[in-house]
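J.: Input: one structure, supplied below.
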Amino acid sequence: LVLTAILTSLIGTFLLVTHGNPTSLSISSGALFWGIASAFAAAFYTTWPSRLIAQYGTLPVVGWSMSFGGLILLPFYAKEGTHFAVSGSLILAFFYLVVIGTSLTFSLYLKGAQLIGGPKASILSCAEPLSSALLSLLLLGISFTLPDWLGTLLILSSVILISLDSRRRARAA
């Protein structure tokens, strides 16, 4: 069921980004590049830290990895310079973005990946393009084509397949 779910989610994502036409994309080539790069990064950060998380726990691994990532990105920040005025609301927004929007959500994702396994977590994260598409439909008035709806159904089907597989394995144990 897991392989079927992987294939189903990939086909669904393909339909969402091409509108069913394999010769054209409904996204820019830059978005395609960054989407593929993000997919490889997600596969890496979902599977690579599993032994570290098992040994040290989720929060220390996330804390250290984000600290190292920040240090690596620091030269880029130094090159760009500061283009904003620091205010109380900016500090509050920055705190929210770092703590809630990044650290907490990433920690919860890695803990979930540890509990259900990397492949299942990756399939469930295929719901991200689905949520983007649905928010575009609801908030921006973007229209959905038949292939978009079919892609949506395929991605939802992959999530259901993973749920069924998890229940089946739980009963067998």
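Here the Cβ of each residue, glycine as well, is placed from N, Cα and C on the backbone.
The feature domain 'EamA' is assigned by TrEMBL to 31-163. Marked as transmembrane segment by TrEMBL: 30-47, 59-78, 84-110, 122-143, 149-166.
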J.: Just to be sure I understand, if DSSP states are collapsed into helix, strand and coil, how many residues of the domain 'EamA' (31-163) fall in each?
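T.: The domain 'EamA' (31-163) comes out at 115 helix, 0 strand, 18 coil.
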J.: Sort out the residues at least 6 away from either end of the transmembrane segment (59-78), same chain, that have Cβ-Cβ distances under 8 Å to it, and list them.
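T.: Distant contacts of the transmembrane segment (59-78): 45, 49, 52-53, 102-103, 106-107, 110.
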